[in-house]
Amino acid sequence: MMQRSTPQIPLQHSFRQVHSTNSLFTDMGQRMFLDFKANYYSSACQGESNNTLQSNLTAYKLVKNYSESYTVSIESHIGDGNATSIMEDVCTRENSILYLLLMFGTLWLGVMLYNFNKTPYLNANKREALADYALPVAVIVLSFIGSYIFRDVHLEHFRYDDGNDVFKLAPLETLPLPAVFACMGLGFSLSMLFFMDQNIGSAMVNNPCNKLKKGPAYHLDLLVVALMNGFLSIFGLPWMHACLPHSPLHVRSLADVEERVEQGHVYEIIVKVRETRLTGLFSNILIGLSLFLLPYPLAYIPTAVLDGLFLYMAVTALNGNQMFERISLFFMEQAAYPPNHYIRRVPQRKIHKFTGLQILQLLVMCSFGFAPWPYMKMMFPVALLLLLPVR
């Protein structure tokens, strides 16, 4: 049976991919926490008093859709001439409930369609088509539900600022001399992060399990990344490089695999990968053309659906990740262990010790990457580089 591949990710790259996946989960968790704090656990929903007496003139504030605020002045003279105003907070717990529905609905529908080729429904071509377009279908369906069916619930939607000039030179000449040297130090650590992420992504793409026929081009890729980021830095635009999990997922979407059964466990081997530049070229052209979809219809996409999109990427990126599989062994009966090569050759105690050390390193990296202090976050590339001797 031909379907999407799930190649085994090499040991030296699985840690970095788990960290990238954990970053996606953490970002979505933070956004969900802020949404519940602003809507579900607001002062109005906690039964606090909504009426306050103030002297002189105050404002009546009502939060509308897209988080726009309108202020209406109210003045009421009572007795001695003092003004009374009403500060009204609206309890919007339905926003948080719908936020969860759209976010996890996007994740559920995307993952279900992603694995649809493993079901007996429809024929093989239709199953493969649904699996290939699982994410776009999930985003469109849940965006329709959030923007039309629940249009009376005022959710936050995709927004952008069209007042800024994109291709505007950054005012580099205004930097003082000490700031220039500080930027050089930060730029060096950032270049190390680019170097490691680019090479890890390239190595995962060129994994022998993928059976690619065309050879790798690590040095050429780094040269192109350097030239692009040099141009983007001049204009203050976001940097670009091969990243996780997008690069391995791109290869996976172009691969055909066969299912094999060994000792009752089903695993997949890659038959071939369609090595072409057209998919990357056309996908980036379509990304550029999406500028013409602003503000509509892209403004109809709730931010909860976008969060579900990133959750989908995090979940699907764990397929074939060796570190994630070894973590799952902690909660699995020993008789049900998959017949992997390292399980057959390495004692169970050593596997668990090694996995525990990797979890400890992951926690250290998360303490740098998710720290509330910006200067500690800047040390993340250095901390990642220091893990190489440990490895």
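These residue numbers are counts, starting from 1, taken along the chain as shown.
Just so you know, glycine gets a Cβ as well, placed from its N, Cα and C.
On a predicted model such as this, the values are computed, not experimentally measured, just so you know.
Here's what TrEMBL has on this protein:
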DOMAIN    37-391  domain 'Bicarbonate transporter-like transmembrane'
TRANSMEM  97-117  transmembrane segment
TRANSMEM  129-150  transmembrane segment
TRANSMEM  175-196  transmembrane segment
TRANSMEM  217-240  transmembrane segment
TRANSMEM  298-318  transmembrane segment
TRANSMEM  354-375  transmembrane segment
Please determine whether the transmembrane segment (97-117) and the transmembrane segment (298-318) are in contact (criterion: at least three Cβ-Cβ distances under 8 Å, sequence separation 6 or more).
yes
Who are the chain neighbours of the transmembrane segment (175-196) in space, where the CB to CB distance is under 8 Å and they lie at least 6 residues beyond its ends?
16, 222, 225, 229, 239, 241, 378-382, 384-385
In the same chain, which residue numbers or ranges, 6 or more beyond the ends of the transmembrane segment (298-318), come under 8 angstroms Cβ to Cβ?
17-18, 20-21, 24-25, 27-28, 31-32, 35, 98-107, 110-111, 114, 135, 138-139, 142-143, 146-147, 155-159, 244-246, 248-249, 290, 324
